Amino acid sequence: MGRRAKMVEKVKTLMEKHDQIRNMGICAHIDHGKTTLSDNLLAGAGMISKELAGDQLALDFDEEEAARGITIYAANVSMVHEYGGKEYLINLIDTPGHVDFGGDVTRAMRAIDGAVVVCCAVEGVMPQTETVLRQALKEKVKPVLFINKVDRLINELKLTPEELQGRFMKIIAEVNKLIEKMAPEEFKKEWLCDVVTGKVAFGSAYNNWAISVPYMQRSGISFKDIIDYCEQEKQGELADKAPLHEVILDMAIKHLPNPLQAQKYRIPNIWKGDAESEIGKSMVACDPNGPLAGVVTKIIVDKHAGAISACRLFSGRIKQGDDLYLVGSKQKARAQQVSIFMGAERVQVPSISAGNICALTGLREATAGETVCSPSEILEPGFESLTHTSEPVITVAIEAKNTKDLPKLIEILRQIAREDNTVRVEINEETGEHLISGMGELHIEVITNTKIGRDGGIEVDVGEPIVVYRETITGTSPEIEGKSPNKHNKLYMIAEPMDESVYAAYVEGKIHDEDYKKKTTADGEARLVEAGLDKDQAKKVMSIYNGNMIVNMTRGIVQLDEARELIIEGFKEGVRNGPLAAEKVQGVKIRLVDATFHEDAIHRGPAQIIPAVRFGVRDAVAQAKPVLLEPMQSVYINTPQDYMGDGMKEINNRRGQILDMEQEGDMSIIKSSVPVAEMFGFAGAIRGATQGRCLWSVEFSGFERVPAELQPKIAKQIRDRKGLKSE
């Protein structure tokens, strides 16, 4: 039996021992060394050859990733590590650090219980470090810290032992500050990264060595020894004495929770059902014999097997051939194959039990974030939807060069939308174009070139990238009458800005898009009140949609309940296109204050009520001082001081705002905010301005009001592009 086959047998045995499982991720800012770390962990565990590790990037098994040298999708692998005389199963997920692929990070966080946060010793804590940490803590995923590229501090920056320790302390303090700020209340102190107990490791993933304080005490290696090994170019010897995989996986096993421990506090966070029900208790206990409950964290498309769903099981067991039920899409499915991940390969196993991460085929309608259960015991409600820190801010129009490819293109676009719920796909019925919205230029490029071009074999024409704008209101409208086409039904409404605290709760994912069939559910009402909505209004919310809300403030109108669903539909249609540039509306509250209906139901059907509400909502929004909002990005530039002026000039030329500046040694760090519309071509420009000597990164930071003097011009450009008549 080969080494790999033995590994598979061990994995099968350990899957049943909860206290010996760790579901963990590796996450970091782009290029801080996540994938190199993952590869060397695999090599140490005997999954790939040691000679190739670091160069092989086994988890970057997509051609596009290998070519760009960055991780685009989150990859999964299971491996075994021995610690304290016992073997442990480690299910490892490597996540992307590039801001355009943040959706994959969010989805991966749902699958794991602990994370190794990788931070480059040279660059320190960067924006994406903060973002991935925020996502981890939001999902109650416990972090430990690995400070990477320590050899560069010694060989390139020539730091003394005192300076080295100072640099480490600064990074640890910054990470701990973020944990204190963002961790759930009960873990703010417990989850701090403490050097002495070994929750922090230092090393070089590329050169395959790492140390931690407990390991130094055990092995007798000191900081001075490390400096000597690095200066004498003997990092190979250091890797034999302090192997990376041993130090990092020991830290993970000692400090990250097993599924049994983690599910006790994670389940109430991601599932809002009855904690006292059988399924509630079973998930908290991670019971393999309980009712089935799992969540799809990723869809991977395989040329031979079709769509493969990566799934974290919280309760129960899945065997090959089992009937399953998908709660979100309300579809039945069958588990055709049940496997574990081994990098790019999958190894079939007879069954998978609670607490593990597995690969399932046969779930054709599943999307990332989908809840999986048994058709005989349906999980109501499903798991909380995955909320992303970024939003799609750039749209391109694509058309198939050959019309015969059109059906295939539509199928591929559907598949992409299922795989990645940060992509929006829309079909413009009038022009026949397909619109794809993504997180940034790179995200869109990977979709059009790789997913459609390379994998789908379809040649497409891609339009110029278009920035996604939004509309909102700054005032309150007068009472507006919405009249049905037959003039027999009238609804009276007022548009006003949504309460700031309520909208902030919506953006943070504390309240969701939801239709309330009869009246607001008790859980929904409690969340709204907690977010700051008036208690009387919270009871009467009819629907929340795309960050807008409609509240029924009428009294004693009998027919209103019958017309409820039609009113909600009219409201949704009304906020899909704003009055300025037909962009989506956000942050609007519609108060329905009165209504009169025809007593005969035949005269108050969908063709009458929906348009009455739609026109009323649009009119109310138009009379409430509407404004355009544009997407913004936080831009961080790390540049030698000589080029600081050039970096600032580049920001200022793009309508940017400098928020903060710091000096660190001979480097300057510029923090700024720039509209997405002004960021095209920034990569080349900033490289040119600083002669390629700067590091920079961007992150979506929300929508802000377009300057008043630019609004008419931008609104006109959007209207002209959409073929709408000018205002």
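Each position is counted from 1, following the chain as shown.
Backbone N, Cα and C atoms are what each Cβ position is placed from, and that goes for glycine too.
According to Swiss-Prot, the domain 'tr-type G' annotation covers 19-260.
The GTP binding site annotation in Swiss-Prot covers 28-35, 94-98, 148-151. Under the DSSP three-state reduction, ALA28 (GTP binding site) is assigned to strand.
What Swiss-Prot records for HIS603 is diphthamide, and it gives sequence analysis as the kind of evidence. HIS603 (diphthamide): 15 other CB atoms within 10 A of its CB, across all protein chains.
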HIS603 (diphthamide) and VAL150 (GTP binding site), Cα-Cα, nearest whole angstrom: 75
Between HIS603 (diphthamide) and ALA28 (GTP binding site): CA-CA distance (Å): 59
Cβ packing number for ALA28 (GTP binding site), 10 Å threshold: 29
